[in-house]
Amino acid sequence: MAAAEAQQGDLLKMTHRENWKVQHEKLHIKHGGHEAMHAEMVLILIATLVVAQIVLVQWKQRHCRSYNLVTLVQMWVVPLYFTIKLYWWRFLSTWGMFSVITSYVIFRATRKPLSGRTPRMVYKWFLLIYKLSYAVGIVGYLAIMFTMFGFNVFFRIKAEDSMDVGVIMLFYGLYYGVMGRDFAEICSDYMASTIGYYNVGGMPSRSLRDDICAVCGQKIFVDVDEEGIIEDTYQLSCNHIFHEFCIRGWCIVGKKQTCPYCNEKVDLKRMMNNPWERTHMLYGQLLDWLRYLVAWQPIIIGIVHGINFSLGLE
């Protein structure tokens, strides 16, 4: 009993790194001699990952709408579960604010009849989320690089603290970037069907006047004595003209690579004249990868644990 208390006291005196090293050595001793079982568990993990990837790809190709909806729900719920379980109240507060405002935006986007100002409000919100998440993610990445190269020493910042800040900011940026893009796509679908310029077959269901933007439904060119939105315009390859802010929100934020009126394919590379904006496409691919990591990886790991438990490999 006294020996156990003494050992506990020694552990309390150790630093976090020394304590982790002792626990790691104990774990290594505990699992020593089980190499064959570990190899079998690794094979089960690899096989499950391969099968899961095939199933997910096939599901996405055959039933893209249901796949995206289920993935979005999991992206929204899974982090909430771990947040409550691990008492991450900072993330819970930002998650709550994002959920409340986004819920209101989605409510406005799904109303019928659609208000003329709703599309711009929707795109403004999701473009703001997109830019903020992009900036926060970049700052988090720079903080990680800052720590890895040892620059934190010059500012007397502990490596653990600066690395924690970098990782947290990178996760925040990527997570809310994914959520913002997915919710923007849902709003884009609802607004496109409400505005009603094209149907499922891709043909316009009603005529679009030359002076009306098909995204927001307001006049493109406003006279001096008229009320309206004064903004630069952009013409697509199909010759339809839109407010620049509207069409960029439609294509970049809402991930719609088609004309809002005639459903013709839009070349995003042609739209992005600024070379800095091309990085947004790479960032979007990174968000797609994180979506898989957050939404499906915990489920796959849970399946692996279930298989191991049923085979007595725990």
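Every residue, even glycine, has its Cβ placed from backbone N, Cα and C.
Beyond its flanks by at least six residues, the transmembrane segment (41-59) meets 66-67, 292, 296, 300, 303-304, 307-308, 311, 313 of its own chain at Cβ-Cβ distances under 8 Å. The transmembrane segment annotation in TrEMBL covers 41-59 (among others).
TrEMBL lists 66-82 (among others) with the feature transmembrane segment.
Taken from TrEMBL, the feature transmembrane segment covers 88-107 (among others).
The transmembrane segment annotation in TrEMBL covers 128-151 (among others). Here the transmembrane segment (128-151) has Cβ contacts under 8 Å with residues 98, 159, 162-163, 165-177, 179-181, 184, 252-253, 280, 283 of the same chain, all six or more residues outside its ends.
The transmembrane segment annotation in TrEMBL covers 163-179 (among others). Outside the transmembrane segment (163-179) by six or more residues, the chain places 72, 75-76, 79, 91, 94, 98, 102, 129-130, 132-147, 283, 286-288, 290-291, 294 with a CB less than 8 A from a CB of the stretch.
Per TrEMBL, domain 'RING-type' is recorded for 213-263.
Residues of the same chain lying 6 or more positions beyond the ends of the transmembrane segment (289-311) and with a Cβ under 8 Å from any Cβ of it are 41, 44-45, 48-49, 52, 56, 71, 74-75, 78-79, 174-175, 177-178, 182. TrEMBL lists 289-311 (among others) with the feature transmembrane segment.
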>> If you average per-residue pLDDT over the domain 'RING-type' (213-263), what number do you get?
In response: 71
